[in-house]
């Protein structure tokens, strides 16, 4: 309630409050401070503020008639729980010369402490009705105050008119609603006293502010106040700080005044009690006022009846508002209870997470012991095998050493006949021993490797630990089973994404606090076209092969579970290589039964048989310009190796160009031909030898295939209208060894 008792201008408790026509209040001193002499330009300047405050303030319109008369009806009786702030020494009494008795008492408090409550601010919401508190709503006089202009003119002014009424000498703008009010020479002193506010402030000060101002801590209730010092004392502080001797003996100590005394409202013109209320003029009046001409034909009612009716209506409204406040209080208590439950639930959940993590750690410890035991068993097995092999070798060495020593002694025999008796046998025995020694000892190798032939594969477990997370449950109604919510958006990790050759690798981070059953990775077509799905699974990293070279691919990923799909991640762009790096692919070339021999990291190929065999490169091309070369490492036989491109399903046991799936140039020592689907044509002179270089230029922008021999074009364009996916290819037979060179810049051909 204390906010309602503070002046909007000085922010202190109201001192001698006056009521504006818009039913807002001001201290009389503050009103005097902000009123200004009227000039013609001031009304124009105030139009914006007046118009802004009008529509949203019904009281400013409903109180127009009351504003044009001497008093305005106002009834307010609401109180909250005990307010927590006490007016200080620089209160209303120190600001204005005119103030109420209780306000004066409150303003004399120099250095008083605020009375605080232990309750939270959220608890200060209880409202109870004081509709029967005896609030008096009337003015000092029944005659109209001297606002300049008529009631109709004032109403037009409050609704935005800028023409001042005749006789306007002062004006004032309400600091709350920005309404502009004009006055005659009397100024704001013509405003009616806000009697109800004055009484409420008095009661508030009497209830909250009468504390000793000299207590250092926990101020006690003041028992006396010095009229000269204007300081309140408790009994202990009075004896200590204001003894009744010396100069202070002449000071007058009185008991602090409490609430304002009940005052009887009288007519300022006739000095009679205000007993009637004019419903048309909305002002109280005495009996003589009612008899005058200005109230003839007006509806008049007893002031007590009118006051009781308005109090009853206010009480009813307060009761409804109090019910809302009470329900809000209960809601706040529920929130507090939920806070306690949140704390308890989180503590229990922390305990469960701790227990689960400890169980996982224990499982890792157990698995570690199992793996270490496997290593120890492997060590024991290898050591046993090595000891057995060592024992066998030692026995063989002992037998051989004995034979050698026996033979040496036999060689010392001087009797030829005696030596010849065993010489042949010794020669055969030594020869056999030497042969078995070469087989069993010299070429023998350790039966086991000293290196542990094991690798700890922890990648899957590390990813699982990284993916260990909470499951976000979607909210459901009471009684329904809770289900996992749709997952949040994964986050692509640019540092872990890469593009190599014609493949891209995309890595992403699982969404936090989401249950994920899988991911969907999508790529566009490399030209900003529509997206297509390229992966669906549980992994958080994926490599996509077989893309176009020199293309920018945009990738995005989303997560899904049984509840639905999440949002797509942000896009990431990955640029494939401008030139291709590749080798021969043994698998695409037919595997182990093809007869092809690959070496130098699959860059070199040869074959043992006389039949032609096709070797394919490891990448396929569908667009762009690509160039690669073959070096003839060996060419001794009169054979015709073929170079060119082929589709993935080419016949691998025929010369390249013999079927419709391949396009080739075959060449010998003297000349070459272009061949496709067993049709060979356009013989070109110039052959190959060991050390020659064959270049293949595949231009899928022009859809052509050309060949070069030793960096010179071998004829014109060999083939045109090539559409689809093509793999680098060669066909060779016995006597030819080739090495492929890739990632080369395409040469400029001047015949295009």
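Backbone N, Cα and C atoms are what each Cβ position is placed from, and that goes for glycine too.
Those TrEMBL annotations? Automatic predictions, nothing curated.
Which of 44-83, 84-123, 124-163 counts as region 'Disordered' depends on TrEMBL, and there it is 84-123. The residues of the domain 'B box-type' (207-256), classed with DSSP into helix (H, G, I), strand (E, B) and coil, number 14 helix, 10 strand, 26 coil. The average pLDDT the prediction assigns to the domain 'Fibronectin type-III' (486-579) is 89.
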